[in-house]
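Residues or ranges marked as domain 'Protein kinase' in Swiss-Prot: 25-325. What Swiss-Prot records for ILE31, GLY32, GLU33, GLY34, THR35, TYR36, GLY37, GLN38, VAL39, LYS54 is ATP binding site, and it gives sequence analysis as the kind of evidence. The phosphothreonine feature in Swiss-Prot is assigned to THR35, THR198; the stated evidence is similarity to another entry. What Swiss-Prot records for TYR36 is phosphotyrosine. Residues or ranges marked as active site, proton acceptor in Swiss-Prot: ASP164. Look at Swiss-Prot and you will find SER191 tagged as phosphoserine, backed by similarity to another entry. Under the heading compositional bias 'Basic and acidic residues', Swiss-Prot lists 336-348. Feature annotation from Swiss-Prot assigns region 'Disordered' to 336-513. Summarising the annotation, Swiss-Prot assigns compositional bias 'Low complexity' to 417-433. Look at Swiss-Prot and you will find 457-478, 485-494 tagged as compositional bias 'Gly residues'. If you look up Swiss-Prot, you'll see 497-513 marked as compositional bias 'Polar residues'.
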Amino acid sequence: MAVAAPGQLNLDESPSWGSRSVDCFEKLEQIGEGTYGQVYMAKETETNEIVALKKIRMDNEREGFPITAIREIKILKKLHHQNVIQLKEIVTSPGPERDEQGKPIEGNKYKGSIYMVFEYMDHDLTGLADRPGMRFTVPQIKCYMRQLLTGLHYCHVNQVLHRDIKGSNLLIDNEGNLKLADFGLARSFSSDHNGNLTNRVITLWYRPPELLLGSTRYGPAVDMWSVGCIFAELLNGKPILTGKNEPEQLSKIFELCGTPDELIWPGVTKMPWYNNFKPQRPMKRRVKESFKHFDQHALDLLEKMLTLDPSQRISAKDALDAEYFWTDPLPCDPKSLPKYEASHEFQTKKKRQQQRQAEEAAKRQKLQHPPPHSRLPPIQNPGQPHQIRPGQPMHNAPPVAAGPSHHYAKPRGPGGPNRYPQGGNQGGYNPNRGGQGGGYGSGPYPQQGRGPPPYPGGGMGGAGGPRGGGGSGYGVGGPNYQQGGPYGASGPGRGPNYNQGGSRNQQQYGNWQ
């Protein structure tokens, strides 16, 4: 298979389509699971190469191959860049898949399965950040952010919107390379068409205000809002906009970024859901006040990323030229970063769940079998006064029957205290101020919740709770977005007309424009 040079589109060649069987791979461990299937770490039996197998779930598809998988494959075969995940090939299972007992898996009795084969990455950003005691240094944060922006700039130049930027979709290997993954919600766009796009994209905590207000014409600026949320999360040590539903998410955005009006965001009052969500009272912008402990250059860049008006939001190209990346401490060389044990969000969630179950079982055991000298109150019948003979001790009173154990909700919160203190320059790497070439996340999407019915059709189901949790960065755990309506190319917004201006950028991004 021909491979395009870095930064160039490869439109003529496609990955191997079903020419090999999944039996060529040995599944080693599940690293993701979600709405669209499972992701496994696997080994190619002939070469011993470690890869990631993303199984495309077919049992719920009545009309053939899932549209999200088709879209992801078509886009990934075009994109070849060191900061974008590589789709290596497509493989199939020849017959119905079977469980460990050899029985056909329910819903797959008469079908085979299709797998997408990706390069394996050791971590996703959320799984890595959630490791106990993890503390990112400032040069490390700059290194990750520069790679994220470089990969996203490449996508936007080639007219691709990612539309699901979040920590679990940013994959990192043990060489420090970061890659964009999960293009299941990605779309091609064109600046000269004003087609309608769905606004039910991007995980809720990272969704920009224009989508929450009902816009169906948008461009690369939607991804840049998500990048701003990731940036603030890395610096702050926890997510910054944690709404439980669309109205609450917009409320949190307005509390931080101020109330939009025609002066600061022309056209906002004409957006479909503006009247449903406009705040009762005006609020001032508080980004600088809320994050005054950030470095000044970091704060300046964050302000430009979290701009309410998408037409004024900074582009990926301009963000790469921000002073933040060119002042001490400089971004470190990815290869200088420490190596960590594999950390995917699916695995860290699973470990926390197992720990909670063990603690719950220990509590239950303690209640059912108290120590021999424990002093538990005696059981009394309803309305029966407690009676005891004078001088008789109560040491051997009958134990209380154990009730049901406490219910523990699934966790999804900030990963503890600030993990990211101001650190020194660890390997201030800056040869010619060049850009760094360049990571899967996992876990189920929490339920979005429903709110009042400003949307057509009444409901307000959206792109799911906390960090979007979700499946793996290979794309298994996307939310249940409804893709209704004709989706053409995007309309207004920051178009793809990015020129490689500025001396800082001329050698940074290869030979693509």
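Positions of Cβ are set from backbone N, Cα and C atoms, glycine also.
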SER191 (phosphoserine), Cβ-centred 10 Å count of other Cβ atoms over all protein chains shown, is 17
Write down the Cα-Cα distance for GLU33 (ATP binding site) and ASP164 (active site, proton acceptor), rounded and given in Å. 17
What's the CA-CA gap between GLU33 (ATP binding site) and the residue listed as 'phosphoserine' in angstrom, rounded? 35
According to DSSP, collapsed to three classes, what secondary structure does GLU33 (ATP binding site) have? strand
Between 0 and 100, where does the mean pLDDT of the domain 'Protein kinase' (25-325) sit? 91
If I take the alpha carbons of ILE31 (ATP binding site) and THR198 (phosphothreonine), what is the distance between them in whole Å? 29
In the three-state scheme derived from DSSP, which category covers THR198 (phosphothreonine)? coil
For THR198 (phosphothreonine), identify the closest of the recorded positions GLY37, VAL39, SER191, judging by Cα separation. SER191
GLY37 (ATP binding site) to the residue listed as 'phosphoserine' - Cα separation in whole Å: 33
Within 10 Å of each Cβ, count the other Cβ atoms and name the one among the recorded positions GLU33, ASP164 with the highest count. ASP164
Among ILE31, GLY37, VAL39, THR198 [recorded positions], residue with fewest other Cβ within 10 Å: THR198
Should SER191 (phosphoserine) be counted as helix, strand, or coil on the basis of DSSP? coil
Integer Å distance between the CA atoms belonging to SER191 (phosphoserine) and VAL39 (ATP binding site): 35
